[in-house]
Amino acid sequence: MRVLALSAVFLVASIIGMPAVAKEWQENKSWNAHFTEHKSQGVVVLWNENKQQGFTNNLKRANQAFLPASTFKIPNSLIALDLGVVKDEHQVFKWDGQTRDIATWNRDHNLITAMKYSVVPVYQEFARQIGEARMSKMLHAFDYGNEDISGNVDSFWLDGGIRISATEQISFLRKLYHNKLHVSERSQRIVKQAMLTEANGDYIIRAKTGYSTRIEPKIGWWVGWVELDDNVWFFAMNMDMPTSDGLGLRQAITKEVLKQEKIIP
């Protein structure tokens, strides 16, 4: 059984706005070394589902809200499925023929591949078909971040008013994992399938990356969870990312923390 082997002396604090089930969060500043090593700043938040405990390296930043960027593909997918904008994970979305800088976008996709390759144009079309009224209603039902969809309906998560913190990401993900969001269990199951990132004999990771570039500060995200035989660990990390050169650090730093705490080998 994997137990969190926290190697530092913890500061226990109650923080308003963190997941309602969490009365005490523990801070481990030793995790900061993983950011310092890569000359960056950021936060990692972990949640032990069995013990109902939260851990982070930076309590203040854990509660600071940023644009969700492409992590918003998780709620966008759920809403599109539940409203029938997307029939299922097999429906094909035809490439519009416009050549874009990211080569993997320049082809047909289904929900699984659109999530995997973070295909913005596909998700913008989802949002346009969902519309402002239904999008706003669903995000309120999800209690997703500040629920503010001001800006364009097909880009508010990239350059509009919506903001979400790492701890709020954890709250949302926990509801998704337990099929407790206000959409069908089928919709939640399909999205969790689309989030599959890594699977081996030790663990399964379901997650989504994000990279906010249109509004300063530019932020990189990785949010999701680690499924073990006897527990689930939720995670949400964001970090300063002035250029795209460090995109791989989102996963690398998170995994360094998970390994430090002996959650993954």
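Each residue's number is its place along the chain shown, starting with 1.
Placed from the backbone N, Cα and C atoms, the Cβ positions cover glycine too.
For 1-22, the entry in Swiss-Prot reads signal peptide.
Here Swiss-Prot flags S70, K73, S118, R250 as beta-lactam binding site. Same-chain residues at least 6 positions away in sequence with a Cβ under 8 Å from that of S118 (beta-lactam binding site) are, in sequence order, S70, K73, K208, T209.
For the recorded site, S70 (beta-lactam binding site), the DSSP three-state label reads helix. Here Swiss-Prot flags S70 as active site, acyl-ester intermediate.
What Swiss-Prot records for K73 is N6-carboxylysine.
Its own atom aside, the Cβ of K73 (beta-lactam binding site) has 27 Cβ atoms within 10 angstroms in the protein chains shown. Excluding S70, K73, S118, R250, which define the beta-lactam site, the same chain contributes A69, T71, K208, T209, G210, Y211, W221 within 8 Å (Cβ to the Cβ centroid), listed in sequence order.
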